[in-house]
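Worksheet: the structure to be examined is printed underneath.
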Amino acid sequence: MMKDLDKLAVAIIGSGNIGTDLMIKVLRHAKHLDVAAMVGIDPASDGLARAARLGVPTTAGGIDGLVAMPGFADVRIAFDATSAGAHARHAEVLGRHGVQVIDLTPAAIGPFVVPVVNLFEHLDAPNLNMVTCGGQATIPIVHAVSRVAPVHYAEIVASISSRSAGPGTRANIDEFTETTSKAIETVGGAARGKAIIVLNPAEPPLMMRDTVYCLTDEDADTAAIEHSIRTMVDAVASYVPGYRLKQAVQFDRYTAAQPLAFDAGERRAGLKVSVFLEVEGAAHYLPSYAGNLDIMTSAALAAAEQIAASRVAA
């Protein structure tokens, strides 16, 4: 049941690490959202138990259990924090009931959304896909370069702690690379994109690290590129406080006589831009090294807050 006329009722599907962290973020920080349901499939999950302790209505009956809940009619937005495979049915069921979906899986049924880049283009989309953790961290940087210089090729490497990669993340590795690569192009603005994910087994666990390489024109303006990148980092940090540059932006020029070799041996002259990022989690529910999960929940919350704010204002 909706508790506040200035808030939209939301449901969170998936009571694992991502869903539980998202629930805590909404409860603590959301101005326009009210958690109406936490949905899982394991009655013994910590996420459902924690939700119940916090007074959030719960069901272990999955999507069908959600639809059967007394407060479901009030739900306007549903976050799906399950898996790409499960999302198709969830999207179909929720769509029938007119519930807008924010998809935190790599299913990519709806348009790719990175809040600082293109959220306002998709506020009314029935299904918004939040790409991947690597996408949320790196696509803003690709876009920052592409808005001041053409990006002929962009490659990102997302390195995350093995301990932060649960069964859902591990099951979706292929979807991660495919979805992120596409979004580097369609959202980031690169002519071609490539994504790589590395699960780092180091102990103690390391924070999420992301490397972004962009190949642009040889005579591109380095000062304009660096300014655009730093402005973008500040914009992302406004909703992911642990997001930061790890070191200065690096530039390397390659001439026709000494071209850059990349992506299966292709060679090209140009300016290579290298950006090194670190993402520290807020440690609401997950440990601080799990920045890869924190950036997903933070981006999803930012998207939902803006959607809700636009509806409340209307």
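The backbone N, Cα and C atoms fix where each Cβ goes, glycine too.
Swiss-Prot lists Cys133 with the feature active site, acyl-thioester intermediate, giving sequence analysis as the kind of evidence. In three-state terms derived from DSSP, Cys133 (active site, acyl-thioester intermediate) belongs to a helical segment.
The local packing around Ser164 (NAD(+) binding site), expressed as other Cβ atoms within 10 Å of its Cβ over all shown chains, amounts to 24. Ser164 (NAD(+) binding site) falls within a helical segment according to DSSP. Positions annotated as NAD(+) binding site by Swiss-Prot: Ser15, Gly16, Asn17, Ile18, Ser164, Ala165, Gly166, Pro167, Gly168, Thr169, Arg170, Ala171, Asn172, Asn292.
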>> Which one is it: of the binding-site residues Gly166, Gly168, which Cβ has the fewest other Cβ atoms within 10 Å in this structure?
In response: Gly166
>> Neighbour count first, Cβ atoms within 10 Å, every protein chain included; then name which of Ser15, Asn17, Asn172 tops the list of binding-site residues.
In response: Ser15
> Rounded to an integer, what is the Cα-Cα distance in Å between Gly168 (NAD(+) binding site) and Cys133 (active site, acyl-thioester intermediate)?
Replying inline: 13
>> For each of Cys133, Arg170, count the other CB atoms within 10 A of its CB; which of these recorded positions has the top count?
In response: Cys133
> Quick one: Cα separation, Arg170 (NAD(+) binding site) versus Cys133 (active site, acyl-thioester intermediate), in Å?
Replying inline: 13
